[in-house]
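Novice: I have a structure I would like to understand better, so I am pasting it below and will then ask my questions one at a time.
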Amino acid sequence: MKPFPRAEISSSALQNNLAVLRQQASRSQVMAVVKANGYGHGLLNVANCLHTADGFGLARLEEALELRAGGVKARLLLLEGFFRSTDLPLLVAHDIDTVVHHESQIEMLEQATLSKPVTVWLKVDSGMHRLGVTPEQFAQVYARLTACDNVAKPIHLMTHFACADEPENNYTQVQMQTFNQLTADLPGFRTLANSAGALYWPKSQGDWIRPGIALYGVSPVTGDCGANHGLIPAMNLVSRLIAVRDHKAGQPVGYGCYWTAKQDTRLGVVAIGYGDGYPRNAPEGTPVWVNGRRVPIVGRVSMDMLTVDLGADAADQVGDEALLWGAALPVEEVAEHIGTIAYELVTKLTPRVAVCLA
């Protein structure tokens, strides 16, 4: 018997999405972003499915070491950089690139004794104001890194967009101009584009693109859907009905008696809840896919279960599958009902959810 709840990961969908992004940015190499356990899809699962990617972007050194231990040979980049001086020998030993965004990292590089230089991507704060050296700091920082024997040459250059997922917002153009003016005529690779940049801002594509959410079949833009770009959802979050009950008009259901039936109906109880990472704040009406149709959540999501209104004439039975999001029910749609973003839904699944290649 298949486990439930489970996240079924489609290798063909992942490969399709990589191909779509390559077509969108045909002159760029692809740094597939697989941080946060491959956006909840399983780090090694995703890396193995995307073995033709030119490199992988990660948030933590531990993630990079897991990929190397799993046999991944491609370029790896720590998108937040290293955190401690003791990380540096591991970067050297395992051939891992690092972002540099802060003076403290430069000091650690200058003071380290290493067997060979580290490949560095200098992050420029072109307007997001989160990580990166400011335009005023750039020349001095670049000179220090150039003079540092522990930094491989050439130094690569990157920035990150604040509003690329708002296609009508000109701020992305401002950031591109800032970055391009600062880095004009310098050697090394350049990378600006995240998923939204790759899909909506072709002039940002550069030497490398760094797609994340789009690889998993999800649009980065609110109100949009990955299918509009030829993307296919890579995750089907599936559980099953563990009870089907006749329910009388006027009867409440669930904690707090939050919802009361207005007419006789049949309710289904689905074996998934906030203990599995399904949001407790999912409101009444959030859709679940059961036997070829959308049915609404009613009552509060509890730790292990949620309830759906199957309708008075429903023929659904205990054991029938329920799709919380996936190919038939886009995660973007579910996120919009809940008032969050698809990124949060796919990355917050807990270890109780079995992640398996379909």
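For all residues, glycine too, the Cβ spot is worked out from N, Cα and C.
The feature active site, proton acceptor is assigned by Swiss-Prot to Lys35, Tyr255. Per Swiss-Prot, N6-(pyridoxal phosphate)lysine is recorded for Lys35, and the stated evidence type is sequence analysis. Annotated substrate binding site per Swiss-Prot: Arg130, Met303, in sequence order.
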Novice: Which residues in the same chain, at least 6 apart in sequence, have a Cβ under 8 Å from the Cβ of Lys35 (active site, proton acceptor)?
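Specialist: Within the chain, Lys35 (active site, proton acceptor) has Cβ neighbours under 8 Å at Gly57, Leu58, Ala59, Arg60, Glu63, Leu79, Gly212.
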Novice: What Cα-Cα separation, expressed in whole Å, is found between Arg130 (substrate binding site) and Tyr255 (active site, proton acceptor)?
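Specialist: Checking the Cα atoms of Arg130 (substrate binding site) and Tyr255 (active site, proton acceptor) gives a distance of 41 Å.
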Novice: Going along the chain, which residues six or more apart from Tyr255 (active site, proton acceptor) have their CB under 8 A from its CB?
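Specialist: Expected: Gly299, Arg300, Ser302.
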Novice: For Arg130 (substrate binding site), list the number of other Cβ atoms lying within 10 Å of its Cβ atom.
Specialist: 10
Novice: Across all chains shown, how many C-beta atoms besides its own are within 10 angstroms of the C-beta of Met303 (substrate binding site)?
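Specialist: There are 12 such Cβ atoms around Met303 (substrate binding site).
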